[in-house]
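K.L.:
My questions all concern the structure below.
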Amino acid sequence: MNIKNIEIYEGLPKVVVSISGTSFADIQKEIVQVKENTDALDIVEIRSDAFDNMSRSEHLSLVNEVCKELSGLPVIYTYRTSHEGGSGSKSYAEYKDLLTDVITKCDIDIIDIEFITGGNVISDIVDCAAEHGKTVLLSHHNFKETPRLEEMQKLLYKMHSAGGEILKLAFAPNDADDVVNMLKIVKIGKEAIGNKVIGISMGESGRMTRLAGGEFGSCMTYGYITKNTAPGQVHAARIKDALKAYEN
Ligand SMILES: O=C1C[C@@](O)(C(=O)O)C[C@@H](O)[C@@H]1O
């Protein structure tokens with residue numbers, strides 16, 4: 001899948017950095033940082049839960065401003081709810097309303113939809129994204145623990161059947177086995193459905209999934225330029241550097 005000249009499923013995993021400022025001024029600064037560090041990243045994620053207190057029209061125009069300023073880069077739109085480690089507090093109905101508004105009115109490329117938290121509204125959002133040519137990234141996070149391997153496998157297949165083009169699992173590991181299982185589930189996913197999976201073990205002990213996950217089939221890895229949006233993230237330039245070891 002090619003988005004803005006980036007082959008998402010081929011070669012090294014693509015480095016995603018988040019824009020997570022809470023104000024227009026903060027986000028302007030982040031845009032400058034992204035522009036100055038384009039060698040260290042491939043994709044930008046807008047973490048819109050950070051500016052949840054803006055009006056809808058300010059929200060949509062800020063998203064479009066980022067898309068315009070960074071028009072050469074694929075843009076993922078993410079509204080991360082408090083159920084999955086973010087600061088968003090919208091109800092299911094409000095979540096659906098926001099995401100469908102963004103899909104229909106903004107120039108984003110990929111929409112991150114929370115598979116579990118989205119509940120029964122996700123199929124409507126998935127259909128809306130398909131209608132408007134946006135790529136669906138279904139995600140699920142747990143900041144406390146990593147489910148058993150069989151559970152993760154079932155979850156991944158359900159996410160795939162629900163219309164996820166890219167599937168992301170981000171779980172906190174409690175021991176080294178959890179990290180190994182995360183790499184295993186990425187490999188299982190790759191064998192079953194291709195390089196469409198992103199597997200992240202959050203926290204310091206899971207860092208290797210961010211650096212070496214591509215060897216097992218992770219198609220993207222999340223890092224930071226200005227400030228991290230999850231535990232265990234590594235600076236994007238350091239990720240790019242580490243990935244050189246896997247270049248053919
Ligand atoms: O889902 C993810 C992954 C992430 O939680 C991480 O662990 O790097 C960071 C988030 O910004 C992003 O939406």
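Cβ coordinates are placed from backbone N, Cα and C, and glycine is handled just like the others.
Quick paste of what TrEMBL says about this protein:
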type	residues	note
ACT_SITE	His141	active site, proton donor/acceptor
ACT_SITE	Lys168	active site, schiff-base intermediate with substrate
BINDING	Ser18, Glu45, Ile46, Arg47, Arg80, Arg210, Thr229, Gln233	3-dehydroquinate binding site
K.L.:
For Arg210 (3-dehydroquinate binding site), which residues of its chain lie six or more apart in sequence with Cβ-Cβ distance below 8 Å?
P.N.:
Ile200, Thr221, Tyr222, Gly223, Gly232, Gln233, Val234, Ile239
K.L.:
How big is the Cα-to-Cα gap, in Å, between Glu45 (3-dehydroquinate binding site) and His141 (active site, proton donor/acceptor)?
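P.N.:
Cα of Glu45 (3-dehydroquinate binding site) to Cα of His141 (active site, proton donor/acceptor) measures 16 Å after rounding.
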K.L.:
If one looks at the chain holding Thr229 (3-dehydroquinate binding site), which residues at least 6 apart in sequence have a CB under 8 angstroms from its CB?
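P.N.:
Residues satisfying the criterion: Ser18, Ser20, Glu45, Arg47, Tyr222.
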K.L.:
Of all the binding-site residues given, Arg47, Arg80, which residue's CB has the most CB neighbours within 10 A?
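P.N.:
Output for this query is Arg80.
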K.L.:
Less than 6 Å between Cβ and the nearest atom of ligand 1 is the rule; apply it to the binding-site residues Ser18, Ile46, Thr229, Gln233.
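P.N.:
The qualifying binding-site residues are Ser18, Thr229, Gln233.
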K.L.:
Cβ atoms within 10 Å, counted per site: which of Ser18, Gln233 has the most, among these binding-site residues?
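P.N.:
Most Cβ neighbours within 10 Å: Ser18.
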K.L.:
Within the chain of Ile46 (3-dehydroquinate binding site), which residues six or more apart in sequence place their C-beta under 8 angstroms from its C-beta?
P.N.:
Ser18, Ile19, Val63, Val66, Val75, Ile76, Tyr77, Thr78, Ile108
K.L.:
Please report the DSSP secondary structure of Ile46 (3-dehydroquinate binding site), reduced to three states.
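P.N.:
Assignment for Ile46 (3-dehydroquinate binding site) reads strand.
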K.L.:
Roughly how many angstrom lie between the C-alpha atoms of Arg80 (3-dehydroquinate binding site) and His141 (active site, proton donor/acceptor)?
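P.N.:
Taking the Cα atoms only, Arg80 (3-dehydroquinate binding site) lies 10 Å from His141 (active site, proton donor/acceptor).
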K.L.:
Whole-number Å distance between the CA of Lys168 (active site, schiff-base intermediate with substrate) and the CA of the residue listed as 'active site, proton donor/acceptor'?
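P.N.:
Taking the Cα atoms only, Lys168 (active site, schiff-base intermediate with substrate) lies 8 Å from the residue listed as 'active site, proton donor/acceptor'.
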K.L.:
For Arg210 (3-dehydroquinate binding site), what is the secondary structure by DSSP, using just helix, strand and coil?
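P.N.:
Once the DSSP labels are grouped into three classes, Arg210 (3-dehydroquinate binding site) ends up as helix.
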K.L.:
Other Cβ atoms within 10 Å is the metric here; tell me which of the active-site residues His141, Lys168 scores highest.
P.N.:
Lys168
K.L.:
Using the residues the record lists for 3-dehydroquinate (Ser18, Glu45, Ile46, Arg47, Arg80, Arg210, Thr229, Gln233), what whole-number Å value is the largest Cα to Cα distance?
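P.N.:
Max Cα-Cα spread across the 3-dehydroquinate binders: 20 Å.
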